[in-house]
Amino acid sequence: MNVLVIGAGLAGSEAAWQVAQAGLPVTLVEMRPLRRSPAHHSSEFGELVCSNSFGALSSDRAAGLLQEELRRLGSLVISTADHHAVPAGGALAVDRGRYSAALTEALDAHPLVTIERREQQRLPEPGQITVLATGPLTSEPLAEDLRAFTGREDCHFFDAASPIVEGESINLEVAFRASRYDKGDADYINCPMNQEQYLAFREALLTAEQAELKDFEKDSATFFEGCLPIEELARRGEDTMRYGPLKPIGLWDQRWGDVTDRDVRRAKRAYAVVQLRQEDKDGRLWNLVGFQTNLKWGEQKRVLQLIPGLENASFVRFGVMHRNTFLEAPQLLQPTLQFRQRPSLLAAGQITGTEGYAAAVAGGWLAGTNAARIARGDAPIDLPATTMAGALTHFISEAPSGKFQPMPPNFGLLPELPERIRDKRRRYGAYRDRALADLAPFSSAPKVAEATAAAL
């Protein structure tokens with residue numbers, strides 16, 4: 001059976017290659033150059049539209065570990081990136097032109113790959129095994145058909161993500177666990193502010209430097225009204241945040257005293273409260289509720305560390321606001337990247353809610369591998385959650401209910417180690433060793449390349 005792959009970006013290119021390498025014919029559909037997205041400039045496959053870097057090369061870094069896993073899994077994209085790497089001070093960066101040309105040439109030369117330059121405007125019929133890898137700028141006709149297939153509430157068309165911090169970096173001598181009015185469990189971490197702290201925080205927001213929207217994103221600026229950036233709330237008035245995401249009502253730290261004592265309550269209650277909500281099953285990652293923002297990343301760190309309890313916060317993702325088509329993956333996808341309602345349809349890349357080049361490649365590898373397995377009548381696979389690639393796919397398919405937001409590779413996604421290791425470098429090295437050992441049954445490379453070994 002011929003497998004269809006829609007989109008020849010990082011994920012689609014990898015998916016098509018894995019299908020072909022499994023000995024099955026695959027049709028790779030790419031609308032460029034007949035129709036270009038606002039962000040693309042060439043008709044080559046796997047075009048890198050933002051940075052030319054795949055992230056840190058060292059395998060004791062999250063991005064580097066994911067790259068090494070992909071090397072071991074026989075990734076075409078990572079192999080091509082390695083061959084066209086440029087000096088980048090410990091990161092895997094590439095010569096964009098040579099890299100994309102080589103990737104395109106490899107796929108074009110494969111005898112089992114048929115390339116069709118056309119726009120796919122509808123999802124194929126249910127009997128067709130398909131990998132959907134159309135990326136964050138999916139064309140409107142296909143996006144509309146995807147909306148109809150998933151339900152509008154399950155397909156987002158503007159990404160407004162709040163920052164995420166590591167739970168262990170939150171100062172719980174200042175912050176406290178509680179839910180508003182003590183309803184349910186103490187599901188939130190709360191960072192209280194007095195009036196002076198709140199006003200200083202607001203002033204920092206008002207003066208912080210914002211990221212510039214791209215031209216094609218400015219047309220979508222009206223979408224912000226439904227999820228206003230925190231700096232816009234600050235601009236709307238001194239108390240706007242306090243009556244919005246920073247409202248303190250119903251939140252009390254038991255260390256402050258007896259909440260039923262009116263005098264204690266008046267003396268101790270917070271002027272404003274920043275809430276953090278659990279992002280993963282194990283409570284190791286926490287997002288700042290209502291803190292979608294368009295501030296530059298360096299400014300975010302500076303301003304958000306003014307929040308009491310977050311003075312030393314370690315950020316695994318900064319807030320972003322940009323156009324980004326992505327699925328409500330926990331409701332729609334299995335860890336195999338198959339759609340729950342149509343197992344012959346798989347998704348890969350940024351459209352699934354992963355962030356970063358290497359994460360897109362990992363999704364392409366798994367979706368392509370499983371498309372080939374389904375076509376042969378074999379059961380699909382999912383990678384161990386102890387690997388970075390597996391942790392990402394398990395996260396997007398199993399994230400807690402609520403507002404799902406894209407996630408980059410990070411060690412906070414991995415299950416805890418059997419024994420706690422306080423030194424971060426040694427801990428990340430242990431995560432790496434476990435991940436690569438657990439990946440061994442799926443991989444073909446015998447050992448870690450010297451270039452990706454941890455710097456000692």
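Each Cβ is built from the backbone N, Cα and C atoms, and glycine gets one as well.
What Swiss-Prot records for Gly7, Ala8, Gly9, Leu10, Ala11, Gly12 is FAD binding site, and it gives sequence analysis as the kind of evidence.
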Can you list the residues of the same chain, besides Gly7, Ala8, Gly9, Leu10, Ala11, Gly12, whose Cβ falls within 8 Å of the FAD site's Cβ centroid?
Val5, Ser13, Glu14, Ala15, Phe45, Gly46, Ala133, Thr134, Gly135, Ala348, Gly349, Ala360, Gly364
Between Ala8, Leu10, which of the binding-site residues has its C-beta surrounded by the fewest other C-beta atoms within 10 Å?
Ala8
Quick one: give me the count of other CB atoms within 10 A of the CB of Gly12 (FAD binding site).
30
So how many other Cβ atoms are close to Gly9 (FAD binding site), meaning within 10 Å of its Cβ?
31
Under DSSP, is Gly9 (FAD binding site) part of a helix or a strand, or is it coil?
coil
